[in-house]
Structure formats: structure tokens, C-alpha cells
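One structure below.
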Amino acid sequence: MLDDAGLLNGLQAVTSWNEFFDHPKGTTLGLYAASLYLPSIVTAYLGDFLSQRFGRRITLALGSFVVLAGGFINAFANSAGMWVAGRAIIGGGGGLAKVAAPALIQEIAHPRLRPMLACCYYPFFYFGALLSALLCFAALYIPGDWSWRTPSIVQVVGPLLVLVTLISCPESPRWLVSKDRIAEASAILSKYHANGIFDDPLVQWELAEIQMVLEKEQVGHHASYRDFFMTAGNRRRLVVLLSLCVGTNWVGNGIVSYYLTPVLHSIGITSPVQITLLTSGLAIWNLILAFGAALNVERFGRRPLFLVSIIGMLVSYALIMGFSAGFATTGSHAMSIAVVPSIFLYYGFYDIAWTPLPVPYTAEILPFGLRTKGLALFTSVGTMANSFNQFVNPIALQALEWKYYAVYIAILLFYLVFAYFMYPETRHHTIEEVSMIFDKRDDEIEKLNELALREVEKRAADGYEHRREDEASKLKGSCSHRENV
């Protein structure tokens, strides 16, 4: 799916889109931005129910079908109401997919690759951003309404690719074990983690660890949203989860991503070509840094990345505010130009943590029974926070101009303190072990490893005995055959 932030940014620079929708500003533009998110406030919880009942794979497929339908409606809209309806349908399907997809990635990935693959989930957002920017740039030279319909219709490519991928994608082995479908889970683990070797020690270790943890959780019997309030560990998980889903769009990026065009207008950059090229350059910059951080997450750790990111954003945002204020008061062209590299600097720091980490960090800190529930909360609450944020931003930016940046500087200061005290490190652990960190059960992690090792040794010994019996049986049969001959 095209990045909606990049698409909406790019469309604001397309003359025919502005003419078709009567040059939306302020409240109207805020409603256009928020319309994508409102449906997922509800559909995220449906995504949790479907993911737990029917599996992650089916839920992701259903969400992709809905997004596909919304993309066509959006592209062929003949009124503002129809265009907004298409965005709302896309948002509803996205609510299902945003719950199922992160859980599926975490639960099917090889343990060695899980952190990197999970952290690459959201950086793909920038592929869509880059595609959006390039299409909107090309659209500047397409006559008529197709200058905005062309980039809009490309939104259907993403869900189509997901549906094709799901044909060969396995179901989560954790979900299969929770439904007592042990043989299927074992087959998937052996095929994708051990080249089809059923008695591979890694497969036996994973299966033993999954079974032990799920038995301890009594998954499928008592898991509910109330469990988030039942223990100190779960309460901390809930607070961290909420801080991440709100912070994803409340650390200043909401202005830069969705309203880059008005921001550039406020500093004197008004050419559609210049704006679209800057958007494309920003997308490439974001793509490189976000993937770089995602692929090195085990090397640097989650906690250091969060802290460095917040400090860097704080400094960058102060620069953006200072240069914007300087341009507003003096009209200096140099001040306006200085805002642009400051935006790139800000996003560079945002990209190393707040793009790759919030979703996978949320998924890995939650036990299996609460994983999709936590992702549903992440999506729903994050959507409400983002909708409010995107509705208010254009109004406040229009009224306060550069002074509005001070609000986000205060928010960044809060997050710096909060992350320092509340975000633990999770690297070098399996997903089952990570879920225990919040309960401060280091001794249980060691115990789990010991029990899993014993189970692997037991299964290996049992397998060795079975192989000896099979070989003896075959040898006996061969001898009998020779005697008869």
C-alpha cells in the first residue's frame, strides 16, 4: 500500500487535486487526513478476535481484501465524499492487517532473524512514501484528473502483493500450538527453520519452549483485556504499549509527514516541483536510515536506539523552530533554506527508532495470550491519538505557525525521561523469553532454557531409540528374506 502520509503530502502539490477538492485547508484538510484512521479504532479489535479465532493468516488476507476495495473506490471517486469513503474503507482493512501482520512476522520468523525481520515491517512504509512522491511528481505532467487518480490507484498494488504472498505463507506455529495442532506447528518449524529436518535440535527446542510457555499461560482460557491490569508486569506492558502507540505520531513527525507542504509554504518554498522533489529526497533518506537501524537492532539494542533518537529529535526540532521563527520575523532566505536540512536531520533521528521499533517492540514484550490484544490496543489507541493529532495540527499550524513547534519540544522532553525509566532492553532473547522480562523473572528464563534443553535431549534420545528399533526391524526383515531365498 502506498504510504498515505506521502500520498496526501504529494497530492497537496498537484494542482488538479486541489481544484477537484476545492483547495482543502485547515479543518477540511484535517478531516481528510483523519478519515483514514477512524475505522481502525473499531476494526483493530475485530482483528484481535479473528486472529485468535481463525489465525493470523486468514485475518491478514481479509484485511488486504478490504484495503483493495477501498483503493479502487478512492481512485475512481467522483466526489469528495466518495474519496473520503474510500480512505475510510482502506483504514478499516488496515486495522485488521495491523494486528495480524506484526504478530505473524514475530511468530514465524527464525529466532536468529526475528528481530531484524520484525523491525523491517514498518520501514517498508518508506517504499510506499518514495513511490507516492515519485508518482505525484510524475502526476504534475499528466493532464486532467488522472494526475491525482494515477497515484491513488497504485494503492491497490500493496494488498495484491500481500494476497499473493499469503498463498505460500505458513500459519503461526504459536497459534497452531495454542489450538493443539502440534504436528502442523512442528512441520512448519522444521520446514522453515531447519530445511525440513523434523528432529533438528533447534526445532525441538523451539517447540518445547513454545509448549511450556503456552501451557503456563493457559492460553485460550482466561486471556482478556482485563489481564493488562492484573499484574505489575502487565500494567507496565500496558503503559509502555500506550506510550509507543501515541508517541509514534506525537513526537513531531505528524507535522513534518502529513503537512510538509504547508510547512514549506510557511518558509517560502511554494513550487510544486521543488516540494515534490524534496518529498522524494526525504523518502529516500528515511528508507536508508530506517532499514539501516532495523538490520542492526541486535547490535545496538532497542533502548539505546530509543534514547539517541529522542535526544536527536529534540535538538533537531529546536533548530526547525528557531530557523522558522527567524524566517517569520526577518524574512531571511537563508533562514528558510536552513529549515530543510533540519527537517532531514530530525527525520534521521526519528528513523533509527520510531520507525522500526514501536510495533515489533510492542509485539515481543507481550505474552502470546495478550499479543494480538496488545496490537489491537496499539492500533486503536494510536489511531485515536493520530486522528486527534492530524485534525488539530493544520488548525494549530495555521493559527500559531512556528510557535506550535514548542508543543512538540515539550512532548519530546517527556518521552526522554519516560523511555529512560520504562523501556527495558530485550535483545538476545527469544520471543518467549522477552515476554518474561517485564515480570522480572530472570530465574524463570534460565529455568525455561533448562527445561527446554532437557526436553530436547529427551526427544533426541527417544528418536534415537526409535531409529534403532526401525533399523533392527529392517535388518531382521532383510535377514528373513535372504534365508527364504
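Keep in mind that glycine also has a Cβ here, set from the backbone N, Cα and C atoms.
All annotation found in TrEMBL is predicted automatically rather than curated by experts.
What TrEMBL records for 1-427 is domain 'Major facilitator superfamily (MFS) profile'.
Look at TrEMBL and you will find 462-485 tagged as region 'Disordered'.
According to TrEMBL, the transmembrane segment annotation covers 29-46 (among others).
What TrEMBL lists as transmembrane segment is 58-77 (among others). Within its own chain, the transmembrane segment (58-77) is flanked in space by residues 1, 47, 50-51, 83, 85-101, 104, 149, 152-153, 155-156, 158-160, 162-163, 166, which lie at least six positions past its ends and keep a Cβ under 8 Å from the stretch.
Per TrEMBL, the feature transmembrane segment maps to 83-105 (among others).
Taken from TrEMBL, the feature transmembrane segment covers 117-142 (among others). Beyond the transmembrane segment (117-142), the same-chain residues lying 6 or more positions past its ends with a Cβ under 8 Å from any Cβ of the stretch are 1-3, 5-7, 9-11, 13-15, 101-102, 105-106, 109, 148, 150-151, 154, 158, 272-273, 276-277, 279-280, 282-284, 286-287, 290-291, 293-295, 297, 351, 355-360, 363-364.
Within the same chain, residues 1-2, 7, 10-11, 14, 16-17, 20, 57, 60-61, 64-65, 67-68, 70-72, 74-76, 90, 93, 97, 104, 108, 128, 131-132, 135-136, 138-139, 142 sit at least 6 positions outside the transmembrane segment (148-169) and bring their C-beta atoms closer than 8 Å to a C-beta of that stretch. According to TrEMBL, the feature transmembrane segment maps to 148-169 (among others).
Residues or ranges marked as transmembrane segment in TrEMBL: 238-261 (among others).
As annotated by TrEMBL, transmembrane segment applies to 273-293 (among others).
Residues 251-252, 266-268, 293, 297, 335-336, 338-339, 342-343, 345-346, 348-350, 352-354, 357, 401-403, 405-406, 408-409, 412-413, 415-416, 419-420, 423 of the same chain sit 6 or more residues outside the transmembrane segment (305-328) yet have a Cβ under 8 Å from a Cβ within it. Look at TrEMBL and you will find 305-328 (among others) tagged as transmembrane segment.
Summarising the annotation, TrEMBL assigns transmembrane segment to 404-423 (among others).
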Averaged over the domain 'Major facilitator superfamily (MFS) profile' (1-427), what pLDDT does the predicted model reach?
88
